[in-house]
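Here is the structure we will look at.
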Amino acid sequence: SDRSANATHEVINATLHTTLAATTKLVVPTPAKPILPVQTGVQAQQEEQSSGMTIFFSLLVLAICIILVHLLIKYRLHFLPESVAVVSLGILMGAFIKIIEAQKLANWKEEEMFRPNMFFLLLLPPIIFESGYSLHKGNFFQNIGSITLFSVFGTAISAFIVGGGIYFLGQADVIYKLNMTDSFAFGSLISAVDPVATIAIFNALNVDPVLNMLVFGESILNDAVSIVLTNTAEGLTRENMSDVSGWQTFLQALGYFLKMFFGSAALGTLTGLISALISFLNFGDIVHIDLRKTPSLEFGMMIIFAYLPYGLAEGISLSGIMAILFSGIVMSHYTHHNLSPVTQILMQQTLRTVAFMCETCVFAFLGLSIFSFPHKFEMSFVIWCIVLVLFGRAVNIFPLSYLLNFFRDHKITPKMMFIMWFSGLRGAIPYALSLHLGLEPIEKRQLIGTTTIIIVLFTILLLGGGTMPLIRLIDIEDSKARKRNKKDINLSKTEKMGNTIESEHLSELTEEEYEAQYIKRQDLKGFMWFDAKYLNPFFTRRLTQEDLHNGRIQMKTLTNKWYEEVRQGPSGSEDDEQELL
């Protein structure tokens, strides 16, 4: 009995030991996040001085670029896209700074170097949000299926073709050898299109609005998809994938991409819908929020919601760019129509101004990087990359267009396909992503950066400059625009934005007018019908006649106040007043 009792005790002790060991494994706390060291004293002062000089240099470059754009508008140099002019100015400024540094008169190396973190935290979010917020124009939602196919599947096709081509050419010792993940990362970042010059030409020549929306809409969603694909490749690079098969690597990358894409899109959509509801919450006598009566608070709330999804998404390891894009689309479609007329105009003009300044800053630093970036140039690598980029764009556009034509009422013609292929310009995002890649050794990072800069300049200068002659050659422009004199063509995006307020984006539909214009229409199908029937009435506030009356009084009061201040100005005179009237 003693032996059996001892054996029982041993079994119990062994069981307890095993249970405690397993429990200990389960309850081991995750290590706390390391607290970043806080700089103090002389080190903090030096960092503050360095940041101050960087801010000063960036603002100085931006001010010079604004003066350049003003001169383009003043002297009516409308044939020259502003992006091309700003990049050219950046190149000249870079050469001038290089000469100064060679003469040892000054040292601006740290200030003129573009910092990727500044781009992703400060410059890119306003650009992406303004792009999504401007998608109210045209028939974006009527072409949402085609745009999504081009921007998601088309971008993935292009990334795989460019990345796969670079990998296999490297294995064959034709070009510089990159591993699979690095090749895919470069293929993903170089697949981000930015047809700023092309869109300006489309607007100037009044090309088919469907072609305009397909190119514009694809470029907006394509940026976010390209960033997510690049982050996916970077994530695979950071992990040890040596013991994982190719199929497992593909499934892991696919799962990461789907999580980032749909998770970020859902977060951005939810944030946009919350912003639509919070502008007119009404819970009886308990809570009644109507920020329309105080436009300053209303505008402040909209600015908060404009940046909120980016910070939240990045904080929970999602894509802030994808989140802020979908938030902008939703806020444009729903929230904007709940705002007072004053706030609607403020949102339009503020977003345009901030996005213009951010884009101009990036294009200027792109030109500066010609001289400030440490380059590694290989002719064979550059030539093959350009060939693969053009081929990947073709495999993206032509097969998908033919596939979509089986389901579209408004067909994508071969001429439109060719223009879409030709308009695949590269811009600010590939350049910033190339600097953000943490590739080792350093020569590999320099090679990717140099090649990206060359491809961006090649597409902007050659393809962007050749778009207008190509459109005229294949006769795709509108018949009315064809009769215009060439001198009337205006490629200045800034002048058009500054001279107009988009009245179609100012909501002045009452309940009865909305029902007559949308609900009773028989041509609405799919999401458009569901949105008009259920979503739009729930998330937007229909104006009453009293709201319209109050809004017009508010605008009239502000106009009269401005006019009184003008009359009381030091330079005012009766002649000026008569001219103003």
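Counting starts with 1 at the first residue shown.
Keep in mind that glycine also has a Cβ here, set from the backbone N, Cα and C atoms.
Among the residue ranges 182-205, 206-229, the one that TrEMBL annotates as transmembrane segment is 182-205. When Cβ-Cβ distances under 8 Å to the transmembrane segment (416-433) are tallied for each of 118-135, 147-170, 453-474, the top count falls to 453-474. Among the recorded stretches 55-73, 354-375, 381-404, 453-474, the one sharing the largest number of Cβ pairs closer than 8 Å with the transmembrane segment (118-135) is 354-375.
Across the candidate stretches 55-73, 79-97, 147-170, 381-404, 453-474, the maximum count of CB pairs under 8 A to the transmembrane segment (354-375) is reached by 79-97. Segment contact holds for the transmembrane segment (147-170) and the transmembrane segment (381-404), given three or more CB pairs below 8 angstroms at sequence separation of 6 or more.
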